Amino acid sequence: MTFELTDYLPYDFANRRHIGPSPSEMAEMLAAVGADSLDTLIDRVVPSEIRQEKPLAWGKALSEREMLFRMRRVAEKNQVLTSLIGQGYYDTVTPPAIQRNILENPAWYTAYTPYQPEIAQGRLEALLNFQTMVSDLTGLAVANASLLDEATAAAEAMTMAHRLAKSKATAFFVDHHCHPQNIALVRTRAEPLGIEVIVGDPFADLDASAVFGALFQYPGTLGHVDDFSAPVAALHEAGAIACMAADPLALALLKSPGEMGADIAVGSTQRFGVPMGFGGPHAAYMATKDEYKRAMPGRIVGVSIDARGNRAYRLALQTREQHIRREKATSNVCTAQALPAVLASMYAVFHGPEGIKAIAQRIHRKTVRLAKGLERLGYTVEPAVFFDTITVDVGAVQGVVLEAARREGVNLRKIGSTRIGISLDERTRPDTLEAVWRAFGGDFRDADMTPEYRLPSAMLRDSAYLEHPIFHMNRAESEMTRYMRRLADRDLALDRAMIPLGSCTMKLNATAEMMPITWREFSDIHPYVPEDQVAGYRELIADLSAKLCQITGYDAISMQPNSGAQGEYAGLLTIRAYHRARGEGHRDICLIPTSAHGTNPASAVMAGMKVVVVKAADNGDIDVDDFRAKAEAHSANLAACMVTYPSTHGVFERTVRDICDITHEHGGQVYLDGANLNALVGLARPGDIGSDVSHLNLHKTFCIPHGGGGPGMGPIGLKSHLEPYLPGRPETGDAGAVSAANWGSASILPISWAYCLMMGGEGLTQATKVAILSANYIAKRLAGAYDILYHSPEGYVAHECIVDTRPLSQTAWVTVDDIAKRLMDCGFHAPTMSWPVPGTLMIEPTESETKAEIDRFITAMLAIREEARDIEEGRIDKDNNPLKHAPHTVEDLVGEWDRPYSREQACFPPGAFRVDKYWPPVNRVDNVHGDRHLICSCPPVENYAEAAE
Ligand SMILES: *Cc1c(COP(=O)(O)O)cnc(C)c1O
């Protein structure tokens, strides 16, 4: 018997997995936009003058199984040793229930940043738990919902201290016992701002009157546990601010920074169950005194009420966010570390205060035992007082001992040329201690087990922490699993519906791409291991970099920046260093169009540049005349311009080459914000267009999930002339480093690499084309009901479109907020709201959404237009209608109902599912109430009832 092969593409074929519309759906969409083929459409949309000549090519696209096989082979080239290197990174145990139910659960990892609080109550609660945990452990009143890493947080603490200090001094003191990467990042950040950094011994070298602030490490990088109360008091006396970088696990035993009077505490929550991952991602924290909360960078979750007076969480103080503050911004942190923060908070929920304390005590006891063994061998162990880290001076045999330890499967820390550092952790077992002793020349098992502390009682903590009931749940796994499930169910993530966020590219995060991140060969590696242990990572990074170079037309990539904004900052620092190296260090003007993302001006200011704003023309493009005039006016001092391409207005501007040429003519460098690369991959390359450096948001274009507000990766690509100025190595204390680890959040790079492997060059190009088709399809279908704000002269948009909802506020008193909230009733996450144009919605469907899902969204948007028409034409009251009361909850199904529309219309508008209806857990959240009564930690249980008053 014979059969004909069908041409059906199985699921395990990249184009079917990542590309939503089926071939027949695509044909219908093309008909709607009036193009006879995808290529005809692309030729009309993407200007021919910027099209790339050669297609992307790196061989055949791999199937899932082929990719996983290749990934496995690469992973096996990494050697997983037990790393006792410390220096801010420690082995930890991720409770399996947390790993499976959060880290590996798309309901958690595919969520967006919680800007729409009504559909984000689950992760907002988890982040509030995080803040409560940090605030308790540090003894400070207010904590934020995460920063990128401890070193960036230390640099943020310095600039915050600069803003707050009464002292007019311009120097900042850094404890010589800070981790080298913290010193490096403080130096990087200080230099362009003209801040002098003094590194020294806080107990000998600190002249409090000469500085506006100081940073102490607690415990110190060599293990010291010092009471900083005296230097803190001296700083306060001089009107200066005291910052401490503190290990939260040590704080379970030790006197807290708050009890020593510190004003700001920062640190990493990595060892709360988040694997080292060769550098990240992990959540850094920042906490401060109540009086300083308004100066704190990053997002803060706060407690408010909804329209029924029920308790509801939201992001507090949002008006301080950098997209509002722009060139007045003091920090550029946008994407942070929401998912790692959730993981760390759950670790605390799982263990509770007794569990955390027991873990800390055991680590200390093991360290005491290790020290006793070493002392028995005749070594002098330093310091006398320690928590989990000790240092031994072994003199000339340093290399021999380190090598012996490595042969035992243990990495120790090399300090200088004679000393060795050892840090123990939750996973250290008796045989690890024996292996270390053997490396130091002793073969014994029974070092004295007397459980004594090497912490003076004056340093021990007697204040309580984690007292809130959330940290005292019944720890039966059934209960914990249900808690995580309950929170996940409150949220709307990509596993339920399209999240059409303009500029944020919320596309598929394929399961096969996610699987490798929890393989121990990727997750259990310390960021500072010898390079010969990470051949697999190096191969992966080299190959991904080569592909990204091919995609962007750049010559080199740095993987160090761990968010888009950090990429901007790193890129601008390379431009700054380039000018200085050429004797043109005076160049400090950065031209930025009004439509730029708020992180652009914020990063420019951080890099020591002055922002000159360029106008937009009526059609939304950069006003080339204004651009030229400003470039000429500042010709002598022009450092750079920052442009986004395609523009944040969702249009391929024809003048982008002119903008690059003008910048170069006046001696400036072009920074092209690569956040919109999803519209370019395979079709056009920033490097060919004339740009010198860009960041790529791997958490947008390259499938790293958004995690509810992070992690992300923002590597920069640049031309060869900028390559000498790439960020330096953080772990050795190099100024110029921008992240705590050289390859940023390395452990999520396999996601982007897997995407490239499974798509192949052709698949990636197809994805770009379909993303453009889908955006044009939406624009066309909505055009009758709403104005599409910007498009090319031929009437096309790029990969996103801006829907102008402002007229409705005039005719129907309907705001963009009302529309966003009503979309929740329809089971959707709102598009980007009021950016880049206030009062509008920016929609980006991405290539991943099927036509059916896009149509469901269109149906919802059209129905909302009709509801507005009912108001316009007087059929329903302007203040009492489904738009004003949106979103509706199950509360609206019961009790009194006196509204002029039905419960049916309220809860099941077009687009909403019947059986699979998504129910927002709260009605509309009251923002003003939340900011007036700022509460940023778990409210006391009594308040749970009061909130409903
Ligand atoms: C998302 C975005 C950024 C910032 O990236 P983060 O990773 O959030 O720091 C910068 N520019 C544009 C246009 C963006 O969309």
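Each residue, glycine too, has its Cβ placed from N, Cα and C.
Heads up, TrEMBL stuff is auto-annotated, nobody curated it.
According to TrEMBL, the protein has these features:
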MOD_RES   K700  N6-(pyridoxal phosphate)lysine
DOMAIN    767-888  domain 'Glycine dehydrogenase C-terminal'
Task = Kindly report the helix/strand/coil residue split of the domain 'Glycine dehydrogenase C-terminal' (767-888) according to DSSP, in that order.
result = 58 helix, 12 strand, 52 coil
Query = Which residues in the same chain, at least 6 apart in sequence, have a Cβ under 8 Å from the Cβ of K700 (N6-(pyridoxal phosphate)lysine)?
reply = S503, C504, T505, K507, G564, A675, L677, N678
Task = Could you please provide the mean pLDDT value for the domain 'Glycine dehydrogenase C-terminal' (767-888)?
result = 97
Request  = Please classify the secondary structure at the residue listed as 'N6-(pyridoxal phosphate)lysine' using three-state DSSP.
outcome  = coil
